[in-house]
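Novice: Look at Swiss-Prot and you will find 191, 192, 193, 194, 311, 335, 523, 584 tagged as CoA binding site, backed by sequence analysis. Here Swiss-Prot flags 387, 388, 389, 411, 412, 413, 414, 415, 416, 500, 515, 526 as ATP binding site, drawing on sequence analysis. Sequence annotations record features per position, and here Swiss-Prot assigns Mg(2+) binding site to 537, 539, 542 based on sequence analysis. Summarising the annotation, Swiss-Prot assigns N6-acetyllysine to 609.
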């Protein structure tokens, strides 16, 4: 491996940071030797209605997997994110909304946020929503998305947010699985100057015969665009809140009461409803936000993630607001209307902490200094990366160009399932290596195991697992605990399997090497290959399909589809477009294949299993050593695929 450049800890940052290297090591040791004592102390980072006496009650044992933290305590998330700040910072901005159009913005103080959340909480109650009911959000990136989330938590409803880029079919599937009672949406969203037909998509989803649980749809007027109206079902947000009281007492919730369901892509078809509960999740999101971003009084924090992803939950809304921070919520994209938009927003709002994705960084990097044209970015103090491993070249560009070589970069590794950041540098404590997520956060116990599950010590490469629980860990898959155990705990007994590969270097730093299961990472969004394959095979002209990921300069991975057509069907430019449009409709634009490879046959073992390893190598042009092909039923298929590869559209 080439020489790795090490960036020492920035001493100016270290002087005021919450922890230095020595303190990190000491706290980390405490957290793994005595997790009970450590989390008893740090569980106090949030306000409890009824204090907990029990801290950790967890098991990774096969057949008995159970995760419970602070299980006899009670609290309310909304009260922790808003009410507890009113006496000390009521007039401080809580949310700064920056519209898609650079002239569009709005600020909500903690007092104003409190009023809006209480009103919308009462509006939800007036539409029949009660504690424990599931509410589905399909929203644009507007402040009302955060208000709706906080209102759900205030009254004890469970929210499930579906990213606004998902299709009506994908939305319907998630509504059915979660048994949601009400949908919150907008007439339209706005993204890069284009309208997104959210209400129409909801109407289409609810027309699906399998969707039977939805009673009401609350619609926010974002653009004023024309929408179909179902008067017995649809309610305008502004009308529902106009008559609502601005007082709403927060519901007392048990630490293990469900907080939200968030669907993530599985390697076996149907998306999985990851369940996070109230106490452990909030403690972990609050604590990681404070330490990972070294949050200090007066910081303005901007996370560019959509609320529809876990990063938007933990580090756009809950983590920042629980810490009393000012969080920027951005409707647009980092390169619209110009390549320098991200830098312009930093200057406009004096952003001091920026958290974005390698995809955005690579897209801006391709434009060189255009990304910083006419901006100073002098307010920046800390920068972060999330969503996928960042390649060293992009890390260096982000550091030198966006951050003027001044700002530490926290390259964070975590998942929807983990609730919060697991492996990360801390700004005042960790020397940085571009491309490495570095060291585990407090209480996090990673290990690297070989394919037999043997723990590898020292410098090693293999499968990344966690050997013990942490408060932010998911509790189960909604309605399917068996699948939860099967997915995460059956591969390596007694350990949580992340699905990622990693290597550990001589300094104990972790480097994430990518997925080892059949899940793609497209622009930081996880997509199951099986979900895309299922959509393709549902197309009436396709007999069989296999999906692999190939490297992509901007998106990290592109989608490469091998397709076998039904007898009598002939590949054509028209069919090529039909297939892409079909996947876009079934799942959403993000799942659209970048490459279609028409073929008569796929490489299969004698037992009928598709050999994806070989398909990956062919797709990436790495055909020099295909490894063991002795189990192939028909080895000639491989040569044919290699020849066909030359003509891929």
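Placed from the backbone N, Cα and C atoms, the Cβ positions cover glycine too.
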Novice: Can you grab the distance from residue 584 (CoA binding site) over to residue 389 (ATP binding site)? Cα atoms, rounded to a whole Å.
Specialist: 26
Novice: Looking at the binding-site residues 387, 389, 416, 515, 539, whose Cα is closest in space to that of residue 523 (CoA binding site)?
Specialist: 387
Novice: Given the binding-site residues 192, 537, 542, which one is most crowded in terms of C-beta atoms within 10 angstroms?
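Specialist: The residue with the densest Cβ neighbourhood is 542.
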Novice: Consider each pair of residues in 191, 192, 193, 194, 311, 335, 523, 584, all listed by the record as binding CoA, and report the largest Cα separation in Å as a whole number.
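Specialist: Per the listed residues, the maximum Cα distance equals 24 Å.
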Novice: How big is the ATP site in terms of the longest C-alpha to C-alpha distance among 387, 388, 389, 411, 412, 413, 414, 415, 416, 500, 515, 526, in angstrom?
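Specialist: Max span of the ATP binding residues, Cα based, is 18 Å.
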Novice: Filter the binding-site residues 387, 416, 542 down to the ones within 10 angstroms of residue 311 (CoA binding site), Cα to Cα, kept in sequence order.
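Specialist: Passing the 10 Å Cα cut: 387, 416.
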Novice: Work out the three-state DSSP category of residue 537 (Mg(2+) binding site).
Specialist: helix
Novice: Determine, for the Mg(2+) site, the additional residues of the same chain whose CB lies within 8 Å of the mean position of the CB atoms of 537, 539, 542; present them in sequence order.
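Specialist: For the Mg(2+) site, the extra neighbours are 535, 536, 538, 540, 541, 543, 544, 545, 563, 579, 582.
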Novice: Taking the binding-site residues one at a time (414, 539), which has its Cβ surrounded by the most other Cβ atoms within 10 Å?
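Specialist: It comes out as 414.
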Novice: Compute the C-alpha separation of residue 515 (ATP binding site) from residue 539 (Mg(2+) binding site), stating it in Å without decimals.
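Specialist: That separation, Cα to Cα, works out to 28 Å.
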Novice: What does the structure give for the C-alpha distance between residue 537 (Mg(2+) binding site) and residue 193 (CoA binding site)? Integer Å is fine.
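Specialist: Computed Cα spacing between residue 537 (Mg(2+) binding site) and residue 193 (CoA binding site) is 34 Å.
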Novice: Can you see whether DSSP assigns residue 389 (ATP binding site) to helix, strand or coil?
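Specialist: DSSP call for residue 389 (ATP binding site): coil, neither helix nor strand.
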Novice: Whole-number answer please: how many Å between the C-alpha atoms of residue 414 (ATP binding site) and residue 335 (CoA binding site)?
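Specialist: Just about 26 Å between their Cα atoms.
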Novice: According to DSSP, which kind of secondary structure is residue 584 (CoA binding site) found in, if we only use helix, strand and coil?
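Specialist: DSSP call for residue 584 (CoA binding site): helix.
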Novice: Who sits close to residue 191 (CoA binding site): which same-chain residues at least 6 apart have their Cβ under 8 Å from its Cβ?
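Specialist: Residues satisfying the criterion: 100, 140, 331, 332, 333.
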Novice: Within a 10 Å radius around the Cβ, which one of these binding-site residues has the most neighbouring Cβ atoms: 193, 389?
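Specialist: Per the Cβ count, the most surrounded site is 389.
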